[in-house]
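Per TrEMBL, the feature ITP binding site maps to 8-13, Lys51, 67-68, 134-137, Lys157, 162-163. The feature Mg(2+) binding site is assigned by TrEMBL to Glu39, Asp67.
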Amino acid sequence: MSKLVFVTGNANKLKEVQAILSAGNQPVEIDSKSLDIDEIQGSTQEVSRAKCKRAAELLDGPCITEDTALCFEALDGLPGPYIKYFLEKLGHDGINKMLVGFESKKAWALSSEPILFEGRTDGTIVPARGAAKFGWDPVFEPNGTGLTYAEMASEQKNLISHRFKALEKLRFTPCGNTVAVSKAEVEYDNSFREGARAWFTVFRLFMAKVALYVFL
Ligand SMILES: O=c1[nH]c(=O)c2ncn([C@@H]3O[C@H](COP(=O)(O)OP(=O)(O)OP(=O)(O)O)[C@@H](O)[C@H]3O)c2[nH]1
Ligand SMILES: [Mg+2]
């Protein structure tokens with residue numbers, strides 16, 4: 001059976017996805033492919049779907065991609081999928097400064113992959129703590145942990161992270177060429193303001209190169 005191909009240019013993501021999927025009762029093996037894919041402007045879901053579709057076209061086969069958003073409650077969900085560029089320009093301190101003057105520092109990290117699997121972890125934006133090895137890990141403190149992602153051992157982060165939650169859904173999803181539309185998106189819309197979140201969208205190309213989005 002062929003392995004699932006995960007397309008990403010981000011070594012940290014790849015490491016976490018491999019660690020999460022290779023663990024547990026039903027390990028999933030993945031191959032990785034680093035491709036430079038232009039990301040469109042749009043909502044996290046739109047960015048994620050377009051990224052996966054493009055990756056599948058470039059590979060000429062099935063693959064998964066992930067798009068991550070870090071959303072601030074005070075900014076009505078922004079920066080969302082644009083967090084990468086905010087982080088590059090502003091750094092951790094700048095991200096904290098963006099929320100000066102706002103009462104709410106709440107945020108959610110959201111990860112999307114085509115099939116769309118969503119994992120959400122709520123937390124708070126805090127001054128940076130922990131090693132600055134991966135993006136905004138030092139400024140995101142998941143609720144109830146007292147630690148930022150960056151202060152956690154990778155095993156701890158990988159048990160509570162937005163990415164873990166989305167990949168757990170992927171792990172237990174049977175592959176098949178059926179399109180299922182479920183209430184996941186509705187739940188997402190309804191809960192959009194509640195916290196930080198990450199989506200994974202997994203895009204699969206099925207028989208006859210027909211591209212199907214499967215929302216689970
Ligand atoms: O501290 C972090 N903890 C995480 O758990 C995490 N997951 C993603 N990110 C960062 O958020 C932006 C999303 O951009 P993104 O989803 O387009 O990723 P990317 O462009 O780096 O890779 P890819 O698109 O090739 O997969 C990028 O700056 C990523 O580095 C994280 N930062
Ligand atoms: Mg990207």
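Glycine is treated like the rest: Cβ placed from N, Cα and C.
Remember, TrEMBL labels are computer predictions, not curated facts.
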Problem - Those binding-site residues listed as Glu39, Asp67, Asp137, and which of them has the most Cβ atoms within 10 Å of its own Cβ - result: Asp67
Completion exercise
Looking at the binding-site residues Lys51, His162, the one with the fewest other Cβ atoms inside 10 Å is Lys51
Fill in the blank from the handout: CB < 6 Å to ligand 1, subset of binding-site residues Thr8, Asp67, His162, seq order -> Thr8, Asp67
Problem - Annotated binding-site residues Thr8, Asn10, Glu39, Lys51, Asp137, His162, filtered by Cβ under 6 Å to ligand 2 - result: Glu39
Completion exercise
With neighbours defined as other CB atoms within 10 A, the best-packed of the binding-site residues Asn10, Thr68 is Thr68
Problem - Rounded inter-Cα distance in Å - Asp67 (Mg(2+) binding site), His162 (ITP binding site) - result: 11
Completion exercise
Taking only the CA atoms, the spacing between Asn12 (ITP binding site) and Glu39 (Mg(2+) binding site), expressed in whole angstrom, is 19
Fill in the blank from the handout: Fewest neighbouring Cβ atoms within 10 Å among the binding-site residues Thr8, Asn12 goes to Asn12
Exercise for the section: Would you kindly give the Cα-Cα distance separating Glu39 (Mg(2+) binding site) and Gly135 (ITP binding site), rounded to the nearest Å? Expected result: 18
